[in-house]
Amino acid sequence: MRFIFPTIAVLLEASMIVLFGFFVKYETEQNAIQQPNSTNSTKVDRSLELYPLFQDVHVMIFVGFGFLMTFLKKYGFSSVGINLLIAALGLQWGTFVQGMVHRHGQTIYIGIKNMINADFSTATVLISFGAVLGKISPTQMLIMTIIEITVFAGNEYVVGEIFQASDIGASMTIHAFGAYFGLAVAGVLYRTGLRKGHEKEESEYHSDLFAMIGTLFLWMFWPSFNSAIAETAEEQYLAIINTYLSLVACVLTAYAMSSLVGHRGKLDMVHIQNATLAGGVAVGTCADMKIHPYGSLIIGSIAGMVSVLGFRFLTPCLTAKLRIHDTCGVHNLHGLPGVVGGLSSIVAILLGVSTASSMTMQAAALGSSIGSAIAGGLITGLILRFIVRGQPSKDNFFDDSVYWEVPKEKELDNV
């Protein structure tokens, strides 16, 4: 940790400096080249109109995702701290890789929209991080960030440019992709003994309360996430309204289902922290379609129920039968709702509410996102396990003290 992690971190940042030096310029420089006799103020003003949406998405990345993972009582430092680390790397690498893919190797002109797209690419890694939370080293996470964003950019290009599929809120390309990539990595890195649980894989009253803060930030800003890259004002309007309605419906069904499957009808905080967000994930693909307000409510309701049922029945099955330990339950918050989102878009096109794509291309996009995620995740897992290595021992899983200076229990009691 003392030498390997700092060396890799510094080398990666040095690489970013070199790459940005050769390939990245300000968007205003492109405007000056294309229209040398005109002022750039108009285009800059239009770009700055996206800044509030960028900030909303930024809050989701750093505060929402970070605090959502603080439910583990002895892993809060890593949940928020490593989230910041990989997000900082992911934003730089995402800007470069996506720029290279879409500009076909030419100069990248960075603007607010590029920064939003970089946030999106980083979100995939943070989703995957939830599947391996507590079982992976910071060094391994840096390498995983580089590989995953590269695979993500390739799949996003295939879905958007080749298949011409509609996925404005990225239910398929971000949520489903990130979840199944993370599950594939978790499967390769699986350690025997996790099937029966780990003594440190527990929450406490205050850690669950911190995680709920992350939930609330994500819930409030999800309409911005789904509408940030809308091409027209009408599409943005539809995305905001549809996401809002799906989220509120999701909350009701998530609470109801949690009580139904819970012990003595009690609510489970794990369900509430996660399943209440599933509506935002599920409606993402068809958020800019005229699916009618009741359609958004239906999608959100289904997502809330599917997510809770996944936590209650599917997660234990994945661990016991398939040897895939999903720490945060990303399969239930992002994976299954992401699939619901892809299927919802197919149904929407079938019913004639959208002509943005075809059912075949939407199905192909869903298959490509899941397939590339699993393949990329398996390869990444093998690289992390046998080449990068450094995974903590099973006894040190879910423990901040392995990588952080942690106050002793007596010091905490005196505070």
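Placed from the backbone N, Cα and C atoms, the Cβ positions cover glycine too.
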So, in Swiss-Prot, are Gly193 and Ser354 both on one side of the membrane?
no
Selected residue, Swiss-Prot feature N-linked glycosylation site, from candidates Asn37, Asn274:
Asn37
Quick check on the topological domain 'Extracellular' (230-236): DSSP residue counts for helix, strand, coil, in that order please.
4 helix, 0 strand, 3 coil
Do the transmembrane segment (269-287) and the transmembrane segment (168-188) come together with 3 or more C-beta pairs under 8 Å, pairs six or more apart in sequence?
yes
Which listed range (116-136, 143-163, 237-257, 291-311, 333-353) shows the maximal number of Cβ pairs under 8 Å with respect to the transmembrane segment (77-97)?
116-136
Determine the mean pLDDT over the topological domain 'Extracellular' (230-236), rounding to the nearest whole number.
94
Do you know the DSSP helix, strand and coil residue counts for the topological domain 'Cytoplasmic' (189-208)?
7 helix, 0 strand, 13 coil
